[in-house]
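Visitor: The feature transmembrane segment is assigned by TrEMBL to 12-40, 60-84, 96-122, 150-170.
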Amino acid sequence: MFEQMLGLDGSLVFLEHVFWVVSLNTLFILVFAFCPYHVGHYSVVAMGLKEHVEASHFEGLITTIVGYILLAVVLVLCHALASLIKFRRSKRLLGLGYVVVKVSLLVVVEIGVFPLICGWWLDICSLEMFDATLKDRKASFQSAPGTTMFLHWLVGMVYVFYFAAFILLLREVLRPGLLWFLRNLNDPD
């Protein structure tokens, strides 16, 4: 029974599946983590910003984001060059690569940076309510930067989620067209 649950029934199909999972995971990590990190690392060292990045407590994250930004800029420049030279296939392939990098940067901003900013802003606005000061927050950040950032990100994500739920509730209650300035994701048009 245990062999059937794991797929160890004596056939080589299980090993083929294991091979593909390991290969695709390795390729994914290589393309989306290893390459942008090293591009960012070499560019940070070349620009002389290594000390500033190391002082931020988030060296790996900042280096990877810098790598993604530089890859996006290079892809845009190569795409523009390919369109000038009239290389259609290269233009399409470079455009697709740029779209992948752009979407990954947008995901980082919308799921990472924006909730983090909202969490910090909520914390700063509610300092008096918790009888705290900015020095207390600075001390907690210096003692545990990862935990502090995670908690602020979590509070920001909860805030963004409840704000989106509130907007959806308003759309159900208010007459159509009243919230014209907010984009409706459920609108087919």
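Placement of Cβ uses the backbone N, Cα and C atoms for every residue, glycine included.
Predicted automatically and left uncurated, TrEMBL annotations should be read as such.
Walk me through where these features lie, including what they touch and how far apart they are.
Guide: Non-local neighbours of the transmembrane segment (60-84) in the same chain are 33, 35-41, 43-44, 53, 90-91, 94-95, 97-98, 101-102, 104-105, 108; each lies 6+ residues outside the stretch with a CB under 8 Å from one of its CB atoms.
Taking Cβ pairs closer than 8 Å, the transmembrane segment (96-122) reaches residues 32, 65, 68-69, 71-72, 75-76, 79, 149, 151-157, 159-160 in its own chain, all 6 or more past its ends.
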Visitor: For the transmembrane segment (150-170), give me same-chain residues lying six or more residues beyond its boundaries with a C-beta closer than 8 angstroms to one of its C-beta atoms, as numbers and ranges.
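Guide: Sequence-remote neighbours of the transmembrane segment (150-170) are 111-112, 114-120, 122-123, 179, 182.
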